[in-house]
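Peer 1: The feature region 'Disordered' is assigned by Swiss-Prot to 1-21. Positions annotated as domain 'N-acetyltransferase' by Swiss-Prot, on the basis of sequence analysis: 77-227. Look at Swiss-Prot and you will find Ile153, Phe154, Met155, Arg161, Lys162, Gly163, Phe164, Gly165, Lys166, Asn192, Val193, Asn194, Ala195, Tyr199 tagged as acetyl-CoA binding site.
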Amino acid sequence: MAPPTAAPEPNTVPETSPTGHRMFSRIRLATPTDVPFIHKLIHQMAVFERLTHLFVATESGLASTLFNSRPFQAVTVFLLEISPSPFPTTHDASSPDFTPFLETHKVDLPIEDPDREKFLPDKLNDVVVAGFVLFFPNYPSFLAKQGFYIEDIFMREPYRRKGFGKLLLTAVAKQAVKLGVGRVEWIVIDWNVNAINFYEQMGAQVFKEWRLCRLTGDALQAIDKLNI
């Protein structure tokens, strides 16, 4: 989805928001111009999950694979943006697949964002990318209906524990209901107790008896060489 044509007015609110200041959020579809932000977000997620040794994604790789199909028919990315000024309420007619979610928040603590300059979609406006969710269709055969699988959901550290992360999961769930999707599912690292508690509070079931299985790298190539 292209950015809305009516941009919010520039403002002079300092990078550190005063206590009790209102903040505004928008969840929108990512576009090819957002690839640098998506790449940085995935890398920060790899650092948080202690999996940087597995991180090999490049901006060019993301650009060539993320936007080859219409939203919700293949890989889809939502970006969460934060601003001290209201976002425009007009909907971009060129992007009929999704209407951005707009919310207003009361921030109880100042937001110190040392990486802010790396996550500004528009240098003229005080809008910062705070998080993302990446998901795609799957097919729960027991339901005989399409599902959504969330591959990644991530909030940058300065914006955690402020209610923003809930918006990303809610946006996917609302879109699932709108499209008649049977279920939404994802995995969570077992040591991330805060995330597990958060998901359970959202009403999600956490299946402790299931295990993730994966073939990749040399193991995947070895399977290809088997005679069957």
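A Cβ is built for glycine as well, from the same backbone N, Cα and C atoms used for every other residue.
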Peer 1: List the same-chain residues at least 6 positions away in sequence whose Cβ sits under 8 Å from the Cβ of Met155 (acetyl-CoA binding site), in sequence order, or say none.
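Peer 2: Residues satisfying the criterion: Leu80, Ala130, Gly131, Phe164, Gly165, Leu168.
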Peer 1: Go through Ile153, Lys162, Phe164, Ala195, the listed binding-site residues, and name the one with the sparsest Cβ surroundings, counting other Cβ atoms within 10 Å.
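Peer 2: Candidates: the binding-site residues Ile153, Lys162, Phe164, Ala195. Fewest Cβ atoms within 10 Å: Ala195.
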Peer 1: Any idea what the model's mean pLDDT is for the domain 'N-acetyltransferase' (77-227)?
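Peer 2: The average pLDDT of the model in the domain 'N-acetyltransferase' (77-227) works out to 92.
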Peer 1: Translate the DSSP assignment of Val193 (acetyl-CoA binding site) into the three-state scheme.
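Peer 2: SS state of Val193 (acetyl-CoA binding site) = helix.
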Peer 1: Suppose we draw a 10 Å sphere around the Cβ of Lys166 (acetyl-CoA binding site). How many other Cβ atoms does it contain, all chains included?
Peer 2: 14
